[in-house]
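Pulled from Swiss-Prot, these are the features on record:
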BINDING   130, 266, 268, 273  Zn(2+) binding site
ZN_FING   130-273  zinc finger
REGION    317-659  region 'Disordered'
COMPBIAS  324-336  compositional bias 'Low complexity'
COMPBIAS  354-365  compositional bias 'Polar residues'
COMPBIAS  387-397  compositional bias 'Basic and acidic residues'
COMPBIAS  413-427  compositional bias 'Low complexity'
COMPBIAS  483-499  compositional bias 'Basic and acidic residues'
COMPBIAS  503-513  compositional bias 'Polar residues'
COMPBIAS  553-575  compositional bias 'Low complexity'
COMPBIAS  598-610  compositional bias 'Basic and acidic residues'
COMPBIAS  617-628  compositional bias 'Acidic residues'
COMPBIAS  646-659  compositional bias 'Acidic residues'
């Protein structure tokens, strides 16, 4: 052992499992991984880490190398990269101090190049041309900055984009005020040559990279691979390659101190420089996305579950090992540990994505609670942590609700069909019923039709028989921006009717009231009735005669409806009424069942799968603009007319006819 070094004592404490920590699916708390400086400098702690790499197979070693490479490339901030660089430099410094042969294929040695470039990239978020100018004008012509780029260039050769040449027409960077020497081997420079703290940080990483490169058998220094060297002439000890003793100048924990020194010593009046320094030292609190395009797979749910389940602690602040599929017992830690940043008096958040600057609420708001509010308006469905982007399965609740009647009506759409229970009375849910069915009353609608109430969400239709419902979170756009206007101003002004039963609503629809009627509201088909009466020619003529009679009975009202196409008479036939039953007085139940056979014809035509447009008849005696025949396209969703017709049911008594 060389003079001037402290004696090494055996380490008897717990040794971390490198395979578990690098491959398990959870974010370990840094407070549990901190090793005191006395342990690193005075014991052989690193020897136990090195021994674990020596006992791994080739496949296991490749898995650990890939896991660490992905962790470096996906590091969220400068501090995370600096901690990785600190760990790597401490590891190789202890290897040199303990005189242990280097394994050039372990995860630390195999990821040196990626770590060096990642460190430079994170530092370069700040305006390094201004921070390293040393009074040079313009700041972009900083010679120290050009020297830093050459150190981090990889193979030590001169890069054309880093200096102006006489042959080039466009120079990406201005020429430096001082001549920057070319770097064939970084170990040829004295450590005092690197004046700026950022240069010293990159120098440590680049020196280790050159040493590992030669240990692997590369003839030329750097990343240029040459022929293999005779194993007898190749050594695996760092002391045989570090002639300048740069690694001996490294002190455990000095990387963070050098970066702090570089930022604290700089002072300027450039607003862009201050802004870039702020972002370079910050930890991202979000994904940097303004909107998320729709995807055909579950990538949105998987990404949201990744951030909210793996990166967020529990509500009490302690780390929850149950979030990890591979985490073991005894690895949890209390929330009393805090990780400090290089800046004085500033505490890093307990996890990478905490939000301590959110001023929308009084106090600190976690990342998991930013998009899902805990208020009564946006209350979660259960005590489990539900992602705000997860769409709840509303069909599950509708499917489990008891049907009031065994009679069912079948709806046929474009290539899909669904069933819905039909009740003889569709009165609104009372207070007790609303409490029993919070899924329909609290967060969505006041009826069983699945229509979303205003202000709580919006309905996107259905997919595979299951309606899609997206609950509105505090950061989403209000539904008034996306959802169309439910009712027109004319319908609001003319809605003065009280809530009626389905029977009276169907009767009033035949008497010229302000109600709609469509094919989907027709009674179900009874197979016991005579089907031979329906033919294409006779049915079409009967529909035309009935339409003429209805038009003649309403001659007192000025006609304002547009002309109908040829298929209009067949489509405008109402299943519940005839020309003789269109009186303005209150209609009775007889008006609904007087023409059962004619209704069956219309129902049979609908059930044959004809996808012709649905004609909805709108009649209003008080408003001429509403008295017209509006043509609407076929509703291919599974919700049928019960969703589109009863969305305003319960407000001023205006609702569509539903059975």
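Cβ coordinates are placed from backbone N, Cα and C, and glycine is handled just like the others.
The DSSP secondary structure for residue 268 (Zn(2+) binding site) is coil. Under a cutoff of 8 A between CB atoms, and with a sequence separation of 6+ in the same chain, the neighbours of residue 268 (Zn(2+) binding site) are 130, 131, 274. The Cβ neighbour count for residue 130 (Zn(2+) binding site), using a 10 Å radius over every protein chain in view, is 20. Non-local contacts of residue 273 (Zn(2+) binding site) by the CB criterion (under 8 A, 6+ apart in sequence, same chain) comprise 126, 127, 130, 131, 266. There are 17 other CB atoms within 10 A of the CB of residue 266 (Zn(2+) binding site), with all protein chains counted.
Confidence for the zinc finger (130-273), expressed as mean pLDDT, is 74.
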